[in-house]
Amino acid sequence: MERLLVWIEHISDWLWGPPLIILLTGTGLYFTILLKGFQFRYPLYIFKQTIGSVGKKPKGEGTVTPLQALTSALSSTIGAANIVGVPAAIMFGGPGAVFWMWLIALFAMAIKFSESVLAVHYREKNEQGEYVGGPMYYITKGLRMKWLGVFFSVALIVELIPSIMVQGNSVSVSLAETFSFNKIYAGIGIAFLIGLVVIGGVKRIGKVTEFVVPLMAGAYAGAGLLIVLMNLSSVPAFFSLVFSNAFTSSSAVGGFAGAALAETVRWGFARGLYSNEAGMGTAPIAHAAAMTDHPVRQGFWSVIGIVIDTLIICTTTAFIVLASGVWTGKNASNDPAALTTAAFQHYFGSGGGYFVSVSLVFFVVSTIMVVIFYGVKQAEFLFGRLAGHVIKFVYLAAIIIGAAGGAKAIWGVLDLALVFIVVPNVIALLLLSRKVKALYTEFFTSEQYYLKDIRKTKQKPVYPTKEAKNS
């Protein structure tokens, strides 16, 4: 069994190296070109239609508000990858990995935008009156390939079990180390609290994440901003360190062993993609339930999600780790996951360590909450509502098993399982790219949407190119 797990881990490491990085990066570039670089052409408009519309009555039909859909999607992306994944990228790829993480985030916006657009376009209303959608629906309805939609759903249901076990292990260990709780009891308590939320369905999850996500993300980014203000003189040095190491091999410094340019690019791309989940098909499940008058309008919210997750939260972690100097510590490479805690302790003493532990708990708990919802929707798609109720308890049990230590042997299994949801989803995105472009063109050339919004604010419109209009 041990040899099998080692074999699986080697395969996972290889797949999450060049193969998937090339696939996802290529897809991001393709959609960026296809949609004429919309994320660069309409940044202010996108911001006004998302963050700028908070507090206004949503347009169109849906189950949850656009903000609740975003916070639900962010709950599954803002987590351990932001706190422990970024230091790992720095230790194994060097400071320059941060640049490549930023770069891939810009192209990943086009992937997540396209996922959400298709999810809303092909969504359905279930027996309870809730809007449901995601890859399983746009694969089945858009491509008329139900077998592939079923494959995606089954793969996601299976993948979420080790994912939840790993997350359950992370939060229980954090509570045990910080507050001396028993790990198993901590797992049971977390499972109970999460159960109270997920049993209430998408509306309750939306209400909880709408409160928790802005609070926890704001607190973490706020702490990072405070450190920036305490170290304003270090800001130019931070950017210099990142850019000077982005295009050359990084030399060894202290506990940092150095990194070849290829490793710098690989770690930056991999951590960026892993953090924002572009191409994985999970976030569109949340966005499909949003109240909106057009799929493209909800797609803008997924773009903002990457801004918050990668460009703000991950950058906050990167600055703190690099500015504090902990990445050059004697034994830094032995445990990159501990660098964020060490960096906060560098500035705030023991209180900084408690802050990171509490942040990690909130991040992980909200992640588990939402991924259980994703699994429930897959079970309902395959077998109906009763199966959705059953799978909730399977996932809640996985939290407790993970808390007991059962997750340690399946990290490789988790990464391998992710491949089986990424590949069919990306294939579907590419095959449905003409539909994405048609919806994009419709939104930006119709008098009902973009042109109407621009006239209200008396802004000069930015029209799609002739090629887009004629598509």
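Placed from the backbone N, Cα and C atoms, the Cβ positions cover glycine too.
Per Swiss-Prot, transmembrane segment is recorded for 15-35 (among others), and the stated evidence type is sequence analysis.
The annotation transmembrane segment is assigned in Swiss-Prot to 66-86 (among others). Long-range contacts of the transmembrane segment (66-86) within the same chain, counting only residues at least 6 positions beyond its ends with a Cβ under 8 Å from a Cβ of the stretch, are 50, 53-54, 58, 98, 101, 167, 170, 202, 205-207, 209-210, 212-214, 216-217, 271, 274-277, 282-283, 286-287, 289-292, 297-298, 301-302, 304-305, 308-309, 313-314, 317-318, 321, 336-337, 340, 356, 359-360, 363-364, 366-367, 369-371, 373-374.
As annotated by Swiss-Prot, transmembrane segment applies to 89-109 (among others).
Below 8 angstroms of C-beta separation, residues 79-80, 135-137, 139-140, 281-282, 364, 367-368, 371-372, 374-375, 378-379, 381-382, 391, 394-395, 398-399, 401-402, 406-407, 410-411, 413-414, 417-418, 420-421, 424-425, 427-428 of the same chain, each at least six residues beyond the ends of the transmembrane segment (147-167), sit close to that stretch. Taken from Swiss-Prot, the feature transmembrane segment applies to 147-167 (among others), supported by sequence analysis.
Sequence-distant neighbours of the transmembrane segment (179-199) (same chain, 6+ residues past either end, Cβ-Cβ under 8 Å): 168, 171-173, 205, 208, 365, 368-369, 372-373, 376, 392, 396-397, 399-400, 402-405. The annotation transmembrane segment is assigned in Swiss-Prot to 179-199 (among others) on the grounds of sequence analysis.
Here the transmembrane segment (210-230) has Cβ contacts under 8 Å with residues 65, 67-68, 71, 74-75, 78, 308, 312-313, 316-317, 319-320, 323, 344, 347, 355, 359, 362-363, 366 of the same chain, all six or more residues outside its ends. Taken from Swiss-Prot, the feature transmembrane segment covers 210-230 (among others).
What Swiss-Prot records for 237-257 (among others) is transmembrane segment, and it gives sequence analysis as the kind of evidence.
Marked as transmembrane segment by Swiss-Prot: 303-323 (among others). Sequence-remote contacts of a segment are chain residues at least 6 beyond its ends whose Cβ falls under 8 Å from one of its Cβ atoms, and for the transmembrane segment (303-323) they are 39, 46-47, 50-51, 70, 73-74, 77-78, 82-83, 85-87, 90, 95, 98, 101-102, 105, 108-109, 112-113, 217, 220-221, 223-225, 227-228, 231, 234, 237-238, 241-242, 271-272, 275-276, 278, 283, 339-340, 343-344, 347.
Feature annotation from Swiss-Prot assigns transmembrane segment to 353-373 (among others).
Residues annotated as transmembrane segment in Swiss-Prot, with sequence analysis given as evidence: 386-406 (among others). If you look at the transmembrane segment (386-406), the same-chain residues 6 or more away from its ends with a CB under 8 A from one of its CBs are 157, 160-161, 164-169, 171-172, 183-184, 186-188, 190-191, 194-195, 198-199, 368, 371-372, 375-380.
Per Swiss-Prot, the feature transmembrane segment maps to 410-430 (among others).
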### Query
Residues sitting near the transmembrane segment (89-109): Cβ under 8 Å, six or more positions beyond its termini, same chain?
24-25, 28-29, 31-32, 39-40, 241-250, 256, 258-259, 261, 263-273, 275-276, 278-279, 302-303, 306, 310-311, 314-315, 318, 321-322, 327, 332-333, 336, 339
